[in-house]
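A.B. asks: I'd like to ask you about the structure that follows.
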Amino acid sequence: MYQKLWDVMRRVVVQKRFIHDQVSQGRIHVKDSQNSLSTTNLGTDKKDVNELNANESYDSLKEELADAVTPLWRIPYHEQLKIKNQRNFEIMVKLTKRLRPNSNSSNIICQLKETLPSPVTLHYRNKNEFHIRYDSDGRAVVGLCVGKASKNTLRCITAEKLLNTHPFHSNVAQHLQNYIQHQSKWKICEHFQRGGNWRGLTIRSNYKNEQMAIVTIHPQNLTGEEIHSEMERMKDYLLACPLSNQLVSIYYQACLHTRCTAEQSPFILLHGQSHIYERIGEYDFRISPESFFQVNTQGAQLLYETVARQLAPERLSTVVDLCCGTGTQGLMVARHCRGVIGIELSRSAVEDARFNAAHNQIHNAEFFAGRVEKLFRPLLEQLDAAPDIAVIVNPSRGGVDDRVIELLRSNQRVRHVVYISCQADGLAMNNFVSLCHRPTRKMNSEPFVLRKAIPVDMFPHTDHCELVLSFRR
């Protein structure tokens with residue numbers, strides 16, 4: 001229903017768009033449904049028409065990017081929430097059918113709450129990852145890509161008009177773009193084997209609007225001295241630009257692969273602070289170049305408060321935070337339980353989590369670096385004296401390994417699991433089914449029961465949201 005509503009609204013906007021430009025010069029242009037440009041000329045020349053066509057082409061590209069990145073941007077926010085409610089209901093219907101095979105019941109398997117709205121809907125992203133690619137005219141652009149490389153339609157468009165992107169982020173991207181176009185002799189690296197060096201720009205910011213810029217390059221056959229010399233020139237250019245006082249940290253990373261961890265290729269600090277600090281409630285959290293942190297800070301506070309209410313740990317509970325990132329969620333419940341133990345693959349994120357615990361004077365939290373499926377079993381064995389274990393699971397879109405679910409099922413002291421999913425209708429749904437299905441020969445243990453599902457909108461103007469699932473037994 002709401003998908004059809006969105007399609008109709010988008011079609012109406014496209015077909016009935018009027019463009020009024022320089023009325024004082026006596027010119028009004030109307031774009032019709034066939035995308036042809038009709039001109040009512042009250043005293044214009046060819047130059048005026050060319051300028052209008054250029055502006056119209058520019059606007060069209062911006063809208064194409066907005067439709068790809070923020071597909072719900074044309075729809076009022078309260079209607080976006082209705083669309084997300086419907087989508088989450090369909091997810092729960094799908095899960096119900098998997099847990100109740102051949103069921104014709106119209107009732108879903110648990111209580112589904114309405115989507116909690118994001119506290120902020122505009123320019124909410126505290127992190128943007130920009131590509132450095134060519135546009136359709138062959139110019140270097142620092143922005144986001146649309147199209148497909150396989151069909152030779154891939155092109156890069158600047159992102160300053162996106163509703164979810166902070167203007168300060170776009171500002172830094174624009175200055176780097178100017179440097180690449182007019183100051184640098186380096187080429188863009190679209191394919192590793194074809195040469196080129198410029199690859200990407202990541203901007204992170206905090207509640208103070210302090211900016212951290214991380215430039216990614218491919219070193220190709222350059223010497224360390226050549227790389228450092230170019231990066232110094234780039235740094236000086238960025239710091240000479242307007243609003244550069246908010247650019248408190250500049251890094252670069254010379255990466256040979258599609259993506260590199262800090263262990264594979266270190267982040268080199270060119271300027272300023274090694275970290276920035278973000279605040280959620282009464283807690284401060286250190287942010288490193290590759291730290292995982294929710295992109296909507298105010299939305300993250302709502303998400304973590306929702307998880308804490310659903311987890312409701314007792315004073316003697318031990319909270320295990322799987323895929324803990326920088327420890328944010330676990331640290332926010334640490335003062336309400338016996339202790340918190342977090343596991344995270346990224347070593348730099350674990351270093352941040354340990355620092356965050358000490359910085360916030362939380363002394364009952366420990367964090368370990370490694371794969372969850374390898375560390376979770378020995379961790380549970382060390383907790384043999386813990387009377388109650390509550391678990392937070394916050395993995396990537398693919399969910400956690402089956403071995404983790406088996407350990408959750410087999411340990412009777414784990415009575416409560418709160419699962420945070422950013423794509424509940426994907427592979428993560430297999431985790432939900434495994435937690436709840438009846439005992440089998442392979443998994444002969446008491447199942448969990450899904451009690452409640454609470455969607456939290458972390459991504460206004462997109463069709464995504466986080467789903468908090470509360471499992472008990």
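Every residue gets a Cβ built from N, Cα and C, even glycine.
OK, TrEMBL features for this one:
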type	residues	note
BINDING	Q294, E344, N394	S-adenosyl-L-methionine binding site
ACT_SITE	C422	active site, nucleophile
A.B. asks: Around Q294 (S-adenosyl-L-methionine binding site), how many other C-beta atoms are within 10 angstroms of its C-beta?
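C.D. replies: Looking across every protein chain shown, the total is 23.
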A.B. asks: Applying a 10 Å Cβ distance cut-off over all chains shown, what neighbour count does E344 (S-adenosyl-L-methionine binding site) have?
C.D. replies: 26
A.B. asks: Which residues, same chain and not among Q294, E344, N394, have a CB within 8 angstroms of the centroid of the CB atoms at the recorded S-adenosyl-L-methionine site?
C.D. replies: F292, C323, C324, G325, T326, T328, Q329, I420
A.B. asks: If one measures from the C-alpha of N394 (S-adenosyl-L-methionine binding site) to the C-alpha of the residue listed as 'active site, nucleophile', what distance in angstrom results, rounded to a whole number?
C.D. replies: 9
A.B. asks: Taking the residues Q294, E344, N394, which the record names as binding S-adenosyl-L-methionine, find the longest CA to CA distance and state it in Å to the nearest whole number.
C.D. replies: 15
A.B. asks: Using C-alpha atoms only, work out the spacing between Q294 (S-adenosyl-L-methionine binding site) and C422 (active site, nucleophile) and round it to an integer in Å.
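C.D. replies: One finds 11 Å between the Cα atoms of these residues.
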A.B. asks: Counting only residues 6+ away in sequence within the same chain, which have a CB under 8 Å from the CB of the residue listed as 'active site, nucleophile'?
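C.D. replies: In sequence order, S396, R397, H464, E466, L467 meet the Cβ cut-off.
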